[in-house]
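Residues annotated as domain 'ABC transmembrane type-1' in TrEMBL: A:63-279, A:359-569. The annotation transmembrane segment is assigned in TrEMBL to A:67-89, A:110-134, A:154-179, A:200-224, A:260-281, A:314-334, A:363-385, A:417-436, A:442-469, A:490-513, A:548-574.
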Amino acid sequence: MVSTKDLKAAQALAPWLLLIFLAIPVLVGLAGVLLPSIGYSSAADQQALSLQAWQSLFSTPGLFHSVLLSVIPGLLSALIAFIIVFSFLATTSGGRTLNWIRRMTAPLLAFPHVAAAFGIAFLLTPSGFLFRLVSPLVSGWERPPDLLIINDPWALTMTLALIMKEVPFLLLMALAALPAIQADQRLAVARSLGYQRSTAWLWTVAPALYPALRLPIFAVIAYASTSVEVALILGPSLPAPLSVRTLSWFNDPDLSLRNLASAGALLQVAITAATIGLWILGERMISRVLAYYQQSGQRDFGARPLALLGRTGFIVTFSMLTLALVILIIQAFAGRWRFPDSFPDSLTLGHWRAQLPLLWDSLATTVTIAVTTVLIAFVLIVLTLEQQVSSARVHIGTGTHGNALTRVNHHHIISRLLYLPLLTPQIAFLFGYTVWLEKMQIPPGLLTVVLAHLVFVIPYMYLSLADAYRGLDKRWPMLAASLRITPARFFLRIKLPMLIAALLSSLAIGFAVSNGLYLPTLLAGGGRVNTITTEAMTMAAGGSRSTIAVWALIQAALPVLGFATALLLPRLIWKNRRGMKGFMQ
Amino acid sequence: MTMQSLQLKQLTLYLQQKCLLKLDTQIAPGEILTVMGPSGSGKSSLLAAIAGFLTPEFKLEGQVHLGNRRIDQLPPEQRGAGLLFQDPLLFPHLSIAQNLVFAMPASTRDKQEKVSAALMQLGLAGYEQRDPETLSGGQKTRVALQRLLFSQPQAVLLDEPFSSLDTDLRQEIRKLVFDALTKAGLPAVLVTHDQADADAADGRIINLQDS
């Protein structure tokens, strides 16, 4: 039995640990690339200020092209995903489809980037599923056409894949923010003034919703402009986007290229910052234009384009993702499959029989890392939130006012720092983090990977758990205390059981995030920690399609298992308690 | 149970330097003090202050005593001030019996027997294992009142406890609650904006506009 005193001590410590786990790797990591880039590097035995790394970076052939291949897909994918999500919400708001969509979006979001990218590759490649479906009847092709679709020099396929993954993310973020801004009332008022539904949404809901989506959009830009895994699978190679080239410099056996890699990593930060800056600039311009039209009084402004964009964008996104999953499944069981045939001649379990014995080790590693990371994050976040709850309440006359203020403060620090790891390009601080580990002679392994995963898992779990806590009626703790129930007992017997659905779903989110991480596992593990994700990426270079499909499906199945458990378990436990329905999402 | 009075000694409640209310009174065992006033007058904050749930933007001066104990510096769960809200707030994941047992002090004996006897008296015999959500509004309020009594409070704070009930049911439940409080000899503070509540409480009325 936990005593109230133990709980209080743990509570006091938790926020600081949380801050350390969240921020230290990022800050140490950034310092760790800054120093080598200006000549201070232990690896290459240089200890003098020098701008040589920057000089060689800027004289690298095709650098400008690589930079463009980071900026344009980053900006374009975020913009298109944003337009699709907003137009879709504008056309469906207040309708019944939204609830149904909400349920469908969560599992699609759980589809890992790597698996989705492979699926899209199998779909769009000239010998892929879509071309098979139209061949030879429509297209007349008996052999795969000689088209460079995957790894196209303009990075269009890569951009497309990024959009597919960003739409569900932004949509879920928007759906989570809508209740707080009383979207339904706003819409009702505007519609009663004669505005069409999507116009009403655009003028009354969108302006309130947008601020809540700003940071998620910036996170999307940061990810899309620096992603390594999607770029390796779908992106151009001559030249490759800057992130991919930076990674190859870092992994080069020639250690002197490390300084070049560090400069590249910092350039990546500048690029992300500049891209976000461009977005903000565009934001200002567009809001001025819209402000003008808002006053025009036109009742159906933009209604038709919004409906068109929203519906088609949404249908394309979701059917592409679904098809990507379907093709992975077919491919994983495909026997002989000649080109123009739409489906394989036969189905086989052979790929699974061959791969499963090889899978177990990586599977065990993946689950070990994810479970450890998620549990650490969960305990720290819950204790931190408990601390905030108890500090919101002051015992009169005990002089705890000052204390309460300092406590509330780290809540502010944490909620601001949450987006730090999501806005900083992964590649930038993970290099520095690895270099720092080497310097401190900490051998890369499971522990260093868990520490790196915590940086990415904490923000998502914190956001979802904080939501769950906010959702709990403030009168429950009052009632319990007035019944003489101690805070520890209230926590264990009332809060945990009542919030079980939300808590499990945040665990599932953390598990899914950890499962999907590629670069943090690769770099923090020194290339020696093999998860399903890193192994699947290794196969991108030379594995057969069916082998890749097996691994990608396993990678995609893990988060689905997590979310399914989080969804079903509470319903099973509380199946005889109707009052608990309101606590299930 | 010993009879104790609730004393509010020179209580002054501030919201960000602004004085909300001043009270200096004593509520005898079995007495119900009614506090009335428009929303924003601080009447709910008064209950929060006595129970120990004031948020940091409020400041309280003065003392609260229950019998010979000073309670305003104790954590809420040690004050012995039981709350009854507008909603019955039965824990939705616990059965009726679990809700009631959960409120009993650890030292209580024959918990299940006491639950069954109480349910019988409330006209809810055999409801032990029921899901709270399957009860009617009036039945829920009865269980909530019984749960409060099982926690052996030494004072009771009522925050508009009847305003969610239908008019015809309201009178019946009001009588049930007030009778139970008087019988148990508990001092009570009732916060309401319904004059009928105040009339039924049949005690002193403090109107916060006047203070």
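Counting begins at 1 with the first residue displayed.
In case you wondered, yes, glycine gets a Cβ from its N, Cα and C as well.
Using a Cβ-Cβ cut-off under 8 Å and counting only residues 6 or more beyond its ends in the same chain, the transmembrane segment (A:67-89) has close neighbours at 98, 155, 158-159, 162-163, 166-167, 169-171, 174, 178, 198, 201, 205-206, 209, 213, 217, 220-222, 224-226, 235-236, 239-243, 267-268, 271-272, 274-275, 278-279, 282, 305-311, 313-314, 317. For the transmembrane segment (A:363-385), the residues of the chain that approach it from at least six positions outside its boundaries are 10-11, 13-15, 17-18, 21, 410-411, 414, 446, 449-450, 453-454, 457-458, 461-462, 465-466, 469, 503, 506-507, 510-511, 514-515, 521, 529-533, 554, 558, judged by C-beta separation under 8 angstroms.
If one looks beyond the transmembrane segment (A:417-436) by at least 6 residues along the same chain, the residues whose Cβ comes under 8 Å of a Cβ in the stretch are 19, 22-23, 25-34, 36, 42-43, 215, 218-219, 222-223, 225-226, 228, 243, 246-247, 250, 258, 261-262, 265-266, 268-269, 271-272, 276, 444, 452, 455-456, 458-459, 462-463, 519-520, 523-524, 526.
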